[in-house]
Structures are given as C-alpha cells and as structure tokens.
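Notes follow the structure.
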Amino acid sequence: MEVSIFLAVITASVLIAIYSRYRHAARNTRDFFVASGQFGAVLVFFLTIGETYSIGSVLGFPAGIYTQGSGFGLWFLGYILLSYPVGYFLNPRVWALGQKYACVTIADIFRNHYASRVLEILIVLNTTLFLLPFGEMQFAGLMVVVRNLGWHVSGMMMTGASALLTLAWIVLSGIRAPAYVSILKDVLMVVAIVLGGYAALHAMHWPAALPPLSRPAGGVHGLPGGNAFIVSTIILQSIGLCIAPQTVAFLFSARSPRTVQKNQIFMPLYMLMFPFLFMMALYVRTAGMTPASPNDVFMVAVCATLPHWARGLVAGGCALSALVILAGICLALGPLVSRNLMPGHSDRTQKTGAQVTIAIYLLVSVLGGASLSGLMVMLNNLYYIGVTQLAPGIIVAILNRRVSAMPIIAGLLCGDLIGISLFFLHVMPAGLNPGMIGLTVNALIVWGGMVRTSAQAT
Amino acid sequence: MHDHDRRDNDTGIVPAISLPVLLAGIVLPFCLVIGGCLALQAFRMALFGIPLEMIWMFACFILVPACLTVCWNMSPPGPDGKQVK
C-alpha cells in the first residue's frame with residue numbers, strides 16, 4: 001500500500017512537470033532559469049518557502065531536539081523565522097538589482113556592479129563549493145526515509161532514480177517544474193507532519209502524561225559556545241538564507257518586488273507545523289525508542305504511529321521535498337557554470353552547458369550521498385559559513401556604492417578562510433559561530449574599501 | 001494555474017526604509033525571538049512538558065508576521081523619488 005501511494009505521488013509530480021511545460025515552454029535561457037521574471041505571488045511563495053520544509057529540516061529538526069533538546073530548537077527555528085524579516089527588507093532590493101542588470105544568477109550581480117571577471121569567477125567557485133554538500137544532504141535524507149520504511153531498494157538505486165527524475169523535471173521545463181511541483185510537495189509535507197505530530201500526541205496521551213523535556217548533560221542547551229553561539233548562528237544564517245544562490249534565483253523569477261515583500265509577511269505562519277515535528281521528537285524520546293541514528297527520529301515516529309497508507313504519503317512528500325530543493329540548487333548552479341564561468345556562448349549553448357553541469361552535479365551528489373554520515377546539521381553549518389560571505393558585496397550593490405572589486409574579493413577570501421579554518425579547528429572565539437567571525441572580518445574589509453573609495457573621490 | 005495569478009497586480013515599487021519601519025520590521029522581531037527565548041530559557045520551566053522558550057518561539061510564528069504587517073501598513077508605496085523601482 002505505502003509503495004503504491006509513494007509511486008502515485010511521484011507520478012503526479014511528473015504529470016505536474018509536464019503540465020508546467022505545456023503551459024509555458026521555456027523560450028530562452030532567462031525564461032528557462034528564472035521564468036523571465038513572470039512568476040506571481042503563489043509560485044514565488046512556494047518556491048522560496050521550500051527551504052523551510054526541506055528534507056534536511058524535516059529530518060534534522062526532530063534529530064536535533066532528540067539529541068540536544070530545546071537549545072537546538074532555538075537556533076534552528078530562530079534563524080528560519082528571522083530570515084523572513086531580513087528578507088522583507090533585503091529580497092525586494094535584490095530583485096531590483098536583478099532587474100537592473102538582467103540577472104539570472106547571483107554572480108551576475110557581482111559581474112555587472114563591480115565589473116570584475118576575477119570576482120565573478122570567485123563568486124561562482126564560492127557558491128559551487130558550498131552548494132556541493134547541500135545536494136548530497138538531500139540524497140542522504142532520502143536514504144534515511146527509504147531505510148526506515150524497510151523497502152528492499154538499494155540506496156544507490158533510489159538516489160540514482162531520484163537524480164534522473166530531477167534531471168527530467170529540469171530538462172522538461174526548467175524552473176517551472178520545481179515551482180509547480182513544490183505546491184504538491186508542500187501540501188503533502190503539511191499533511192504528513194500534521195498526521196505524524198497528531199499521532200505522536202495521541203500516543204503520548206498529551207498533555208495528561210508527559211515528563212518535561214530533560215536538559216542535555218553539560219549545559220542548559222547542549223550546544224557548544226552557549227548563548228553567544230545561538231545568537232550569532234541565528235544572525236548569520238538568517239542572512240544566509242536570504243542570499244543563498246538558489247533563493248536569489250527564485251527572487252529573479254518574481255514579477256514584482258512588492259510580491260516578494262508581501263510573501264515574507266505570511267511565510268512565518270507556514271512554520272506552525274514545527275510544533276508537530278517537536279512533538280514527534282518528544283514522543284520518540286519519552287517512549288524510550290532507540291533510533292539507529294538521530295536522523296532517523298522523524299521516520300521512527302512516523303513508522304510507530306502512522307498506518308501504511310500514511311507512511312507512503314510521508315515517503316512521497318519527503319522524496320518530493322528532497323527533489324524540489326535539489327532541482328532549485330541545480331537550476332542555480334547550472335547557469336553559474338555555463339553563463340558565469342564560461343561566458344560568451346550563445347543562448348542555446350548556455351542552456352545546454354547548464355544542463356550538462358546539472359547532470360554532473362547530480363551524479364556527484366548521488367555518489368556523495370551514499371557515503372554521507374553524521375548529523376546533517378554539520379553540513380548545514382558549513383554551507384552557511386560560505387554562502388553568507390556574499391552578503392557584504394550584495395549590500396554594497398544594493399546601496400549603489402561604487403567600490404572597486406578588490407576589497408570585495410579580499411573580504412570574501414578572508415571571510416571564507418577564517419570561517420572554515422575556525423570551524424574545522426573547533427575554535428569559537430567568545431563562543432561565536434565561526435562563520436560570524438568570518439563575516440565580521442569580511443564586512444570590515446569591505447567597509448574599509450568603501451571609506452577609501454570615498455576619500456579618493458573627495 | 002498560471003505563472004502569474006490574476007490578483008497579482010502590485011505596483012512594482014518598494015518603499016524607502018524609515019527608522020520606524022526598521023524598528024517594527026527588524027529590531028522588534030529580533031528582540032522578540034532572541035531576547036524572549038533566551039530570557040525564558042533562564043527560567044528552565046516547562047508547560048505540559050514543553051520548555052517555555054519553545055512555546056514562546058512557537059508564539060513568535062504569529063508575532064513576527066504581526067510585526068511585518070505593521071511594517072507593511074506603515075509604508076504604502078507612493079510615487080516619491082526615494083523609492084526603489
């Protein structure tokens with residue numbers, strides 16, 4: 001039964017992708033990757049909100065609550081929630097930059113504003129490097145779902161089929177496929193999470209009988225660095241979520257900046273599903289279940305509380321969740337390589353080049369996902385350390401300040417180097433997130449460049 | 001379903017940022033979420049088994065949109081030159 005429902009969901013997604021092509025076959029590269037900036041409020045909403053219920057969030061949040069308690073919930077929910085106010089101010093202005101320079105990728109902003117080929121290549125390398133683990137994360141999550149459902153399908157076969165499906169969506173109709181499929185995906189995820197959370201509440205006899213969530217040993221919240229780490233991580237990642245390459249590409253697909261801004265108001269309401277995920281983690285913890293790994297917590301709760309048909313629905317929702325996010329990353333990555341790394345080609349060649357890049361990326365992600373281990377949160381942290389370093393350069397462009405590319409390049413390199421080094425050395429000065437230290441140094445270098453340019457002008 | 005929904009008739013103009021708008025849209029949400037949660041965390045109390053700081057975080061899922069709605073209403077787009085087109 002669960003396999004039939006799962007297959008029905010996947011078939012529905014393919015039909016939706018075909019429908020999206022039937023409605024609007026992509027005419028050129030800009031249309032293929034950012035829908036020529038024609039998406040209305042609904043499609044932009046579902047595209048940009050997708051990150052909230054990625055497979056990483058759905059599996060990672062209960063995993064973190066299970067192992068680290070409420071402190072994990074504070075930074076995890078805090079950064080997602082606060083990315084909406086940040087995006088309220090930032091996103092329409094990034095959209096305006098996209099319109100001004102006819103951008104398809106985030107690197108287009110840097111190329112056009114700073115007129116530097118070196119900076120453009122650096123932005124491509126920086127984003128590509130940090131997007132690589134993000135694709136693997138989706139596949140690793142998918143394998144957790146399949147393993148817990150006890151399906152006799154090898155992980156490699158499952159992720160390989162998923163990669164092919166993602167590629168098929170993209171080739172069919174570019175950004176429109178994940179945009180349209182994301183509506184189905186989000187409806188399924190909401191249903192799955194509410195069902196799972198309600199079943200967990202029922203099984204726990206909440207609120208009559210529930211012991212308080214015990215604090216982890218070694219501190220109030222079980223996170224290294226204490227409150228300084230929580231606050232700095234929230235600030236860092238709330239900015240990072242807004243300027244991630246795929247988010248920026250989604251913004252370019254919007255028709256109007258006010259649409260983008262208005263969506264940010266309603267997005268936090270979409271997080272009202274997280275209490276249900278919290279309850280599922282609480283249920284696994286209080287019922288004394290022992291998942292094989294923390295990432296299994298969500299699926300352990302699903303398998304223990306839901307009937308077979310609902311498990312099929314959850315599996316379908318999780319699979320679509322992983323694939324929609326993956327498609328978004330691919331669509332951000334493909335033109336970064338074919339357009340920014342290898343410029344000067346015709347529109348058609350750019351599109352083909354991007355599709356080849358996407359195929360290679362998917363292959364690498366499948367192979368990487370098979371050997372991925374440990375908490376997904378670790379990869380998540382590394383991703384934000386790198387991606388957030390683009391913020392100072394984007395803010396200078398938004399402010400329309402003329403600064404040479406040199407301070408932006410220097411700031412980006414220093415920010416990356418410091419953030420990653422501190423991360424791998426497990427050094428957190430004053431308990432701050434390593435990425436925040438890197439971002440601060442980056443911002444100071446860029447600010448110095450601005451001051452110097454102003455002084456030279458006068 | 002179309003790429004652009006029929007009600008999507010926004011003006012395409014973003015209002016300039018003012019201090020009250022920044023306070024309502026950024027400062028207040030950050031204070032509510034970070035300040036509120038960390039303050040409640042210090043009490044180490046729970047309601048129906050759920051830590052108070054988590055309950056506050058869940059409440060912020062409503063409070064933050066409320067702040068942004070105030071912000072939206074404080075800054076209707078107009079034709080002045082300070083706006084970003």
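Sequential numbering from 1, following the chain as shown.
Every residue gets a Cβ built from N, Cα and C, even glycine.
The shown structure was predicted, so the numbers you read here are calculated from the model rather than taken from an experiment.
Here is what TrEMBL records for this protein:
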type	residues	note
TRANSMEM	A:42-66	transmembrane segment
TRANSMEM	A:72-90	transmembrane segment
TRANSMEM	A:118-135	transmembrane segment
TRANSMEM	A:155-175	transmembrane segment
TRANSMEM	A:187-208	transmembrane segment
TRANSMEM	A:228-253	transmembrane segment
TRANSMEM	A:265-284	transmembrane segment
TRANSMEM	A:314-337	transmembrane segment
TRANSMEM	A:358-376	transmembrane segment
TRANSMEM	A:382-399	transmembrane segment
TRANSMEM	A:406-425	transmembrane segment
TRANSMEM	A:431-451	transmembrane segment
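Sequence-distant contacts of the transmembrane segment (A:42-66) (same chain, six or more residues past either end, CB-CB distance under 8 Å): 35, 72-73, 76-77, 80, 137-138, 141-142, 144-145, 175, 178-180, 182-183, 185-186, 189-190, 193, 213, 241, 244, 247, 250-251, 253-254, 259-260, 263, 266-267, 270-271, 273-274, 277-278, 280-282, 284-285, 291, 293-299, 301, 318, 321-322, 324-325, 328, 375-377, 380. With Cβ pairs under 8 Å as the measure, the transmembrane segment (A:431-451) is packed most heavily against A:228-253, out of A:118-135, A:155-175, A:228-253, A:314-337. With a cut-off of 8 Å between Cβ atoms, the residues of this chain six or more beyond the transmembrane segment (A:406-425) that come close are 110, 114, 116, 118-119, 122-123, 126, 381-382, 385-386, 389-390, 392-393, 396, 434-435, 437-439, 441-446, 448-450, 452. At the 8 Å Cβ threshold, with sequence separation of at least 6, the transmembrane segment (A:314-337) comes into contact with the transmembrane segment (A:187-208) through 3 or more pairs. Against the transmembrane segment (A:72-90), stretch A:265-284 has more CB pairs under 8 A than any other of A:155-175, A:187-208, A:265-284, A:382-399.
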